[in-house]
Amino acid sequence: MTDAVKVGFVPLSTAPKGVLVVFTDESMKFGPASRKHLVNAGDVVKRAAAAAEFKGKSGSALDILAPQGVKAARLIVVGTGKAGSVKDEDFIKLGGTATGKIGSNASAVTLVAELPGGAMKPHQAAALAVGARLRGYKFDRYKTKTKDKDKALVAQFSVAVADVAAARKAFIRDAHVANGVVLARELVNEPPNVLYPAEFARRAAQLRKLGVKVEIFDVKAMEKLGMGALLGVSQGSYHPGRMVVMRWNGASNKADKPVAFVGKGVCFDTGGISIKPAGSMEEMKGDMAGAACVVGLMHALAARKAKVNAVGAIGIVENMPDGNAQRPGDIVKTMSGQTIEIINTDAEGRLVLADVLWYVTQKHKPKFIVDLATLTGAILVALGTEYAGLFSNNDQLSERLSKSGDATGERVWRMPLGPEFDKQIDSKFADMKNAAGRWGGSITAAQLLQRFVDNTPWAHLDIAGTAMGAPATDINTSWGSGYGVRLLDHLVAQHYETKR
């Protein structure tokens, strides 16, 4: 991993070093501090903008050698769109856009946190810095030779702000969340020969350093709990499965019910006996992205000392076609006592989640549960790579998730549930089957999960299209996106933290 965007905050008047980044809108005007940094170079910038057809549109940028008199080597002008149109959620994107233009040969960068109408507010400047940090991440641990154009950016970012102390305070909080995103990306990007279940559990256990209580369940412990669904998936692998339960008790009332998050952690998914086609099978190393998000989220909550009690639980397995592997036609008994007929061994994620959801529901009695899983290819057909599928038995929780998705850019789209779909997973031989017909595959998968949450408010996020291999964004060029960490941190911060 290269994650070397170092961020500091300086006064707006500080002389720039290295690369100077300023912001304008479609008026092509600059704020007062930016004008001072540009000295008398305004006309040169306008001519360069005209030649490059740069008009200040959102997401665009002009990159030129710094004109004479400007105390920097390069000048990058980032467009923000129509005057007055920038919203709070846009600042993180602006930081990412700027960083994407800088390249790998800069050692010092000054971002002037100012719009044409005046200085950015502290939380906006902090978001700008977070965007730079997230865009600067690159997973290159296993490269022994790297071309200059592919090298990661290693630079000191000085964010010039009106109120240094306030911006620094806001950034410290947001940086902990960004670190959680980076952790989730790291886990998803790791190759499966490195990140097998025991190693994943070991890395999750490192959250103990932040005050998180971590309990690791091995095969014997899960057998004792009766987790036949999870263990059935795991039984074909050389690497035995694990369940990891992480607890953060940050609420003023330690007895307050926790919020809970559950993640699917299939470290590699061949499909098992119902084996997948060879094409793109290597991407199934990312079938643990839901679990990665939960670990990243628990890191974020603990690091920023969130005033909430939270439980994060992940089921970690490999789905392999060994001689001892689960077969189509098998019937497994879950921790809940309900039985599941195996129709397709490649519908394994719901089996893992079934036992972990039931464990969390019964053991921790949470206020709500949100589970995340790269569960179905069908959700990609339905929603593409821009939205995660949201399924829920609770309108309030669903609405809150939708608003947090809009605020963070990690968007969700609610999908239906209902008895018409639920009956499709009924089995002739067991209480249910793990795969229904061809149509509505994401919905019938969610219907199975709903049978394991009792009456707990619950939401299921199918993140198959958003967590891995999604198109690059302003703040991410990594294969593993870390989707969900910022979304769920926002949900907790807005609605569930203790107010002091």
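Placed from the backbone N, Cα and C atoms, the Cβ positions cover glycine too.
Annotation source Swiss-Prot lists Mn(2+) 2 binding site at Lys264, Asp269, Asp287, Glu348, citing sequence analysis. Taking Cβ-Cβ distances under 8 Å and a sequence gap of 6 or more within the same chain, the neighbours of Lys264 (Mn(2+) 2 binding site) are Asp287, Met288, Gly290, Ala291, Ile314, Gly315, Gly349, Val352, Leu353, Asp371, Leu372, Ala373, Thr374, Leu375.
Around Asp269 (Mn(2+) 2 binding site), taking its Cβ as the centre, 26 other Cβ atoms fall within 10 Å, counting all chains. As annotated by Swiss-Prot, Mn(2+) 1 binding site applies to Asp269, Asp346, Glu348, with the evidence given as sequence analysis.
What Swiss-Prot records for Lys276 (among others) is active site. In the three-state DSSP scheme, Lys276 (active site) falls into the coil class. For Lys276 (active site), the same-chain residues that are 6 or more apart in sequence and have a Cβ closer than 8 Å to its Cβ are Asp269, Thr270, Met284, Asp346.
For Arg350 (among others), the entry in Swiss-Prot reads active site, with the evidence type sequence analysis. Cβ contacts within 10 Å of Arg350 (active site), excluding its own Cβ and spanning all protein chains shown: 29.
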For Glu348 (Mn(2+) 2 binding site), which residues in the same chain are close in space, meaning a Cβ under 8 Å from its Cβ, but six or more apart along the sequence? Val233, Val266, Asp269, Gly272, Val317, Asn319, Asn434
Asp287, Asp346: which of these binding-site residues has the highest Cβ count within 10 Å of its own Cβ? Asp287
Can you give me the residues near the recorded Mn(2+) 2 site, meaning same chain, not Lys264, Asp269, Asp287, Glu348 themselves, Cβ no more than 8 Å from the center of the site's Cβ atoms? Val233, Gly265, Val266, Met284, Met288, Val317, Asn319, Gly349, Val352, Ala373, Thr374
On the three-state reduction of DSSP, what should I expect for Arg350 (active site)? helix
According to DSSP, does Lys264 (Mn(2+) 2 binding site) sit in a helix, a strand, or coil? strand
